[in-house]
Amino acid sequence: MAELTFTDLSKTFGGTPALDAINAQIASGEFVALLGPSGCGKTTLLRLTAGFEHPSAGEIRIGGETVAGAGRFVSPEDREIGIVFQSYALWPHKSVFDNVAYPLEVRRIPRAARQARVAEALSLTGLGAFADRMPSQLSGGQRQRVALARCLVFEPRAVLLDEPLANLDLALRASMQDVFRMFHRRTGATMLYVTHDQSEALALADRVAVMKAGKIRQFAAPEILYREPADCFVAGFVGDGAVVSARITGRADHAGLMLNVLGQDVVSRSADPEPSHVSIRPESITLADDAPLRARVTSCTYLGGRFRLELDTAGETLVAFSCQRAAIGETVGVRLHDLWAFRDPEGDVVLQKALADA
Amino acid sequence: MSKAVPASGGSRSLDRLLPLLLLPVALIALGPVLRLLLEGIGFGSGFTTDHLTSVLARPSTATALRHSLITAGGGTLLSVLIGAGFAFLVALSDIRGKGALVFCLMIPMMIPPQITALAWMQMAGPSSTILKMLGLAPPLGSPQPLHSAGGIILLLGIQHASLVFLTLRAGLRMIPAELVEAARMSGAGPLRVWAQTVLPLSMPSLIAGGAMAFVTALGNFGIPAMLGIPAGYATLPTLIYQRLVGMGPSVLSEVAVLSLLIGAVAICGVLLSRLVLKRQGFGLVGLSGAPLALSLGRARLPVEIAMWVFIFAILALPLLALLATSLIPAYGVPLTFDTATFNAWIEVLFVQPVTRRAYANSLFLAITAAAILLAICLPLAWLMERRAYRVSKLLDALIDLPYALPGVVLSIACILTFINLPFTDLTLYGTIWIILMAYLARFFVVMLRPIQASIAQLDPAMEEAAASVGARLGRRLRDIVLPLAAPSAAAGAILVFLTAVNELTVSALLWSSGTETLGVVIYNLEDSGETVMASALAMSIVCLIIALMGLVQAGARRFPKGVIPWQS
């Protein structure tokens with residue numbers, strides 16, 4: 001297992017930047033998710049790590065060894081990195097056993113040792129009974145497991161996964177998430193997992209790098225991303241809730257800053273002395289009839305166990321959870337608490353632009 | 001932990017070596033064509049246009065050009081009528097047994113033209129064995145009706161009908177079913193739908209197919225040679241043949257001009273069709289896919305019967321006539337149970353040294369050409385698909401040229417190029433190697449395209465997955481690309497083999513004693529009056545072809561779309 005380090009890593013395709021000066025370090029044995037909308041550069045970062053693309057600038061190091069940058073380029077076959085493709089990329093002319101055995105064959109491992117290691121990898125992924133099948137005879141989930149076993153069998157320094165669940169149905173995704181988690185626990189491999197699905201990223205990863213337009217916007221543990229987003233994009237992309245602008249009204253005390261949010265004075269947690277926005281998660285909203293902030297219910301969706309309400313107040317849309325159904329158009333009182341405030345100058349620009357367009 | 005390999009290691013160097021493959025390919029495939037162009041302007045003996053003007057001014061040239069245009073034009077018209085009729089019925093109507101019908105319609109395309117001509121000649125004329133059996137033979141001394149411009153047009157039309165059929169059917173499949181359904185919802189009956197919706201929309205592919213048929217008919221040598229030369233009716237390819245065979249290499253520059261003339265006419269035909277297509281072009285919007293099946297109603301059975309009778313007449317009858325002739329002891333003897341004999345078969349397959357040698361030569365040439373092309377095309381196709389250099393793109397665009405040009409043109413080009421190997425005193429002229437070189441150039445694209453198609457369909461992730469687990473480029477090509485492209489490569493190799501084993505046009509000009517090919521021997525046997533032996537040899541080849549076609553057909557499901565020419 002090895003750590004991965006990206007230093008000022010950039011990649012342009014025909015003049016269009018895909019990655020813009022990425023700096024990040026992934027510890028040995030860590031499970032990291034790259035999360036972002038399509039076109040944000042997450043797959044490019046993965047392919048650069050695997051060695052399928054050459055960086056335009058910057059450096060990639062694996063376990064202290066420079067594999068790309070500074071005049072060096074180690075080709076994919078010499079990087080000892082496993083990759084699980086979205087399409088699984090199982091070789092259709094090889095049986096499950098031969099698919100998994102191929103990395104060892106390439107490494108000229110003797111037959112007996114090879115068979116033992118393949119059998120071990122197959123049993124770890126629950127494929128022991130399928131060794132003689134051809135890939136075309138397997139279901140999507142089973143193919144995914146074969147791809148994983150093929151990765152696992154040669155004990156790579158890191159495992160890269162490119163949207164591995166995108167082609168599976170919802171029920172299978174949940175069970176494959178368990179497989180990945182088990183795989184990570186058993187092997188302790190450094191894993192880099194690309195996804196556009198935030199629930200996957202939050203559920204699986206030790207840390208999540210949220211990417212947009214070739215940049216990492218925030219790189220933190222899932223609960224930090226949720227509770228303490230760094231900017232408007234992260235706050236909006238990760239988790240449910242609303243982002244509204246805020247104005248500082250009082251000095252900070254040990255509990256936080258006094259901010260004016262939607263006309264109310266609220267104490268907010270913040271890392272910045274002059275925040276511009278607050279993230280309001282559904283958990284931060286209590287519905288109370290006597291609350292001074294009034295909001296109109298615009299939608300009500302049953303989630304099983306609770307209702308998700310969308311509330312309109314002063315042109316902003318808030319999201320709240322409620323135990324009871326609410327009628328559309330009904331007016332409720334809203335009390336805010338435990339908000340997170342951050343500074344995002346671009347967020348204002350975005351808001352102003354939206355207002356100007358409206 | 002593995003040791004890092006610097007940028008110059010392992011697969012990188014193979015990656016750098018592979019592009020070198022482009023050089024011999026370009027030389028073999030395009031060198032001769034370039035050499036021919038240079039000859040036209042007097043390369044080697046000072047730049048001059050004397051040859052050009054003197055040859056073009058000769059009356060025989062004008063006559064041959066006129067004959068070529070008449071036969072190719074008439075043949076194309078017939079091809080369009082037959083091919084389009086079948087294509088519309090197969091693609092649009094609800095007739096049964098389409099697969100078998102298409103397979104049978106494709107057989108004339110795969111049977112070499114000189115055999116087609118030989119077979120048809122056995123069906124007509126005073127010595128026709130089959131007519132004698134039926135008591136229908138015209139009196140002795142009456143002329144062979146096929147030895148005429150009309151005969152050439154008829155056979156060219158049948159031989160190339162499948163080209164029109166395939167192109168048009170491919171085009172018809174692109175027409176969205178919704179367009180036809182919309183026309184029917186507006187109240188149009190099947191006939192009106194066909195005339196006012198389908199026909200205008202399929203015009204571009206009909207024109208493209210016609211242009212292909214024209215170019216192929218223009219370059220056809222076997223049919224005008226068998227039917228035209230006895231009647232003194234010369235087309236450009238047969239004129240070149242007669243000049244070169246009669247006078248030897250001294251007339252090379254002269255026939256080079258003639259072959260350039262054929263090339264120019266062919267290119268004019270293609271350009272004309274492109275021009276028409278450009279003005280006809282329209283984008284089709286909508287999902288194609290759902291095949292159209294307009295009901296023929298009560299007319300279905302009569303139409304089916306008519307189609308099968310037609311197939312019987314153009315395919316089975318001539319072949320039966322050929323078979324009948326191959327079974328008689330001597331030409332002119334009627335075939336009965338008493339006279340039937342396998343003597344001619346035994347003679348051509350086991351006794352005659354010339355025919356045995358021809359079998360050996362043709363098999364050697366076909367197998368060697370297929371094997372060499374297989375070995376070159378697999379890495380080349382990979383290179384063109386995965387590493388798109390500017391040079392490889394250019395080669396990709398030009399590689400069709402040697403196959404699209406009439407075979408006579410390529411033969412002359414090859415003679416010019418290989419009569420004196422550059423920088424040496426060696427010559428390939430008169431050896432079997434010049435035929436091999438010409439085959440390599442001519443059939444390159446036959447092998448390349450199927451392999452390209454299958455590599456293009458291959459998910460690049462397959463190779464990336466192999467790279468990520470440690471396999472270098474050589475291993476990846478061997479372990480991943482080769483097995484996955486193998487079915488198409490096999491299909492390509494069989495196609496090359498099929499085409500090469502029957503080839504006449506190129507080898508007719510390049511053979512010499514000892515290097516006869518099957519095509520040449522059939523022609524020579526017939527030419528010297530050994531019709532029975534020619535028939536037996538031709539029939540044995542037809543059996544070989546149909547067996548190989550059946551083999552490819554049996555594996556059809558394993559090939560990517562578009563690999564098998566008779567299954568577009």
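Glycine residues also receive a Cβ, built from the backbone N, Cα and C atoms like all the rest.
According to TrEMBL, the protein carries these features:
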type	residues	note
DOMAIN	B:65-273	domain 'ABC transmembrane type-1'
DOMAIN	B:359-550	domain 'ABC transmembrane type-1'
TRANSMEM	B:20-38	transmembrane segment
TRANSMEM	B:69-92	transmembrane segment
TRANSMEM	B:99-121	transmembrane segment
TRANSMEM	B:149-172	transmembrane segment
TRANSMEM	B:221-240	transmembrane segment
TRANSMEM	B:252-275	transmembrane segment
TRANSMEM	B:306-328	transmembrane segment
TRANSMEM	B:363-383	transmembrane segment
TRANSMEM	B:403-421	transmembrane segment
TRANSMEM	B:427-448	transmembrane segment
TRANSMEM	B:480-501	transmembrane segment
TRANSMEM	B:532-552	transmembrane segment
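The recorded stretches the transmembrane segment (B:403-421) and the transmembrane segment (B:363-383) do not share 3+ CB pairs below 8 A when only pairs 6 or more apart in sequence are counted, and are therefore not in contact. Simply put, out of B:20-38, B:69-92, B:427-448, B:480-501, B:480-501 has the most Cβ pairs sitting under 8 Å from the transmembrane segment (B:532-552).
Beyond the transmembrane segment (B:252-275), the same-chain residues lying 6 or more positions past its ends with a Cβ under 8 Å from any Cβ of the stretch are 36-37, 39-40, 42, 45, 51-52, 55-56, 61, 64-65, 68-69, 207-208, 210-211, 214-215, 218-219, 236-237, 239-240, 243-244, 404-406, 408-409, 412-413, 415-416, 419. Just going by CB pairs under 8 A, the stretch in B:69-92, B:99-121, B:149-172, B:221-240, B:480-501 that sits most against the transmembrane segment (B:306-328) is B:99-121. Sequence-distant contacts of the transmembrane segment (B:149-172) (same chain, six or more residues past either end, CB-CB distance under 8 Å): 67, 70-72, 74-84, 86-88, 90-92, 102, 105-106, 108-109, 113, 116-117, 120, 198, 202, 204-206, 208-210, 212-213, 216-217, 220, 223-224, 227-228, 233, 235, 292, 314, 565-566, 568. Pairs of Cβ atoms less than 8 Å apart link the transmembrane segment (B:20-38) most often to B:363-383, out of B:69-92, B:99-121, B:363-383, B:480-501. Counting residues 6+ beyond its ends, the transmembrane segment (B:363-383) has Cβ neighbours under 8 Å at 18-19, 21-22, 24-25, 392, 432, 435-436, 439-440, 443-444, 446-448, 451-452, 455, 477, 481-482, 485, 489, 492-494, 496-497, 500-501, 517 in the same chain. For the transmembrane segment (B:99-121), same-chain residues at least 6 beyond its ends with a Cβ under 8 Å from one of its own Cβ atoms are 86, 90, 128, 144, 146, 151, 154-155, 158-163, 165, 220-223, 225-227, 307-308, 311, 314-315, 318-319, 321-322, 498, 502-504, 519, 522-523, 526, 531, 534-535, 538, 541-542, 545-546, 549, 553, 565-567. Under 8 Å from some Cβ of the transmembrane segment (B:480-501) lie the Cβ atoms of residues 110, 362-363, 365-367, 369-371, 373-374, 377-378, 381-382, 439, 443, 446-451, 453-455, 458, 462-463, 466, 471, 518, 541, 544-545, 548-549, 551-552, 555, 558-560, 563-565, all in the same chain and six or more residues away from its ends. Away from its own ends, the transmembrane segment (B:69-92) comes close to residues 98, 101-102, 105, 149, 152-166, 168-169, 172-173, 194, 198, 206, 209-210, 213-214, 217-218, 220, 224, 228, 235, 265, 291-294, 303, 307 of its chain (Cβ-Cβ under 8 Å, at least six residues beyond either end).
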